[in-house]
Amino acid sequence: MELAAEKLFNCEVCDKRFRENGSLIRHMRVHTGEKPYKCEVCDKCFRDRGHLTIHMRIHTGDKPFNCEVCASRFSESGSLNRHMRIHTGEKPYKCEVCNKCFRDRGHLTIHMRIHTGDKQFKCEVCHKRFNRISNLNDHIRTHTGETPFKCEVCDKMFRCGGHLTIHMRTHTGDKPYKCEVCDKRFSRIGNLTDHTRTHTGETPFKCEVCDKLFRNRGDINIHFRIHTGEKPYKCELCHKRFRLRRILNEHIRIHTGEKPYNCEVCDKRFRVTGDLNKHLKIHTGEYPFKCDICHKWFSHIGNWNDHMRIHTGEKPYKCEICEKAFNFRGDLNKHARIHTGEKPYNCEVCDRTFSQSGALKVHMRTHTSEKPFKCEFCPKLFRQMRNLNDHLRMHNGEKPFKCDECDRSFTVSRTLKVHMRIHTGEKPFKCQLCDKTFRHSGSLNTHKRTHIQENHVSVKSVMTSLDTVDM
């Protein structure tokens, strides 16, 4: 009799059985859709009084359930129980298909849709489908622009409650996710998952274009822009576009002049952390090789040797077609495209093509009028760093390029190159009308005017003689 009375009340719709009539009455509301308990603050309705009580804590801020490990607080005992599994590592819910385990039953239910392919929630705007209603609701706000979740500390707004929860950890310093290998802690479970792969070496995300492997989805998404050419981040000042928000932020400092990274040794300031890190190696001795001519520092003897060729004039890399020599192998490779005619870099504005990516980059500044390199001594701006460096020598009087024949020095290498023609007798600029040759292109242009004047005199003489005949 006791067993029979244990579940005496039967649901006539789904045959589920209950021990108490009240439980059956509450259950029937699942089928009828009845929600008799209404929140007087936001008008949301609930099937059970207990659910309304829990919901009211959203408005009151009441969180009576406290984690004794990390002091996080919760409005429901069930949320605290689930949270505790973060600390205990307990994952009682197991997928029978792939044996993956989960802390929450709901996470297992959502995971199962990976195997079933079930994405029952559809966006009516863009038709994207989702495997949970909360993801759809969050997604819809990308269309509406709604950001209903506000940080009470800094007033920042968020589309998703989860994003606000994660953001709050920047204020509280809470990092509930701990790496079991190195004890490093993280504010997000996703960051812990990505970090764990640094220990396991796992790279589960593969680029379908070039087969390169990545540890996390964010990295592969950024990498994929190399193939698509997508540059979603635009500078509002010069309209230049970038693949990464970080690079855009660094670029904007060219316009603002901001240099937020300070060397604590010598107080020199830098626009990007990379430049500061390179600079610090001068102090730590990681850049032990110094050029005594221009005082530039290098981390490797090979880089120093390459650099010294600028000053010595040594050019060990020779073009087999025209025998032109170069300081660096990379410069020879670029030069070779002159002979092959290859110009793989195309300007999307004017369709001009270039043999070097750097040349295209500099060319684009003619369209944007960007002159990102500013002289610290005068207001002059430059499109290329090389031009700025040349210009700076006018201020500091530096003349690092020295003629070995007559000991004369120059501020820029191209001036030395032109000067050397005095000693070599080279005159590479030839007049197409009289075959006269010149050391400078400017001298050739001046010479050409003599032909124009001669032609003008000849025409004038002919016209005068014709006038005489007519008379």
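Quick reminder: no glycine exception, Cβ is built from N, Cα and C everywhere.
According to TrEMBL:
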type   : residues : note
DOMAIN : 9-36     : domain 'C2H2-type'
DOMAIN : 37-64    : domain 'C2H2-type'
DOMAIN : 65-92    : domain 'C2H2-type'
DOMAIN : 121-148  : domain 'C2H2-type'
DOMAIN : 149-176  : domain 'C2H2-type'
DOMAIN : 205-232  : domain 'C2H2-type'
DOMAIN : 261-288  : domain 'C2H2-type'
DOMAIN : 289-316  : domain 'C2H2-type'
DOMAIN : 345-372  : domain 'C2H2-type'
DOMAIN : 373-400  : domain 'C2H2-type'
DOMAIN : 401-428  : domain 'C2H2-type'
DOMAIN : 429-456  : domain 'C2H2-type'
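The domain 'C2H2-type' (289-316): residue composition by secondary structure is 12 helix, 4 strand, 12 coil, according to DSSP. Among residues of the same chain six or more beyond the domain 'C2H2-type' (289-316), those with a C-beta under 8 A of the stretch's C-beta atoms are 281-282, 325-328, 398, 400-402, 404, 413. Beyond the ends of the domain 'C2H2-type' (9-36), by six or more residues, the same chain brings 45-48 to within a C-beta distance below 8 angstroms of the stretch. Long-range contacts of the domain 'C2H2-type' (429-456) within its own chain (CB-CB distance under 8 A, at least 6 residues past either end) are made by residues 418, 421-422.
Note on the domain 'C2H2-type' (149-176): its mean pLDDT in the predicted model is 87. Under DSSP, the residues of the domain 'C2H2-type' (65-92) split into helix, strand and coil as follows: 12 helix, 4 strand, 12 coil. Remark: secondary structure over the domain 'C2H2-type' (401-428) totals 12 helix, 4 strand, 12 coil, with classes taken from DSSP.
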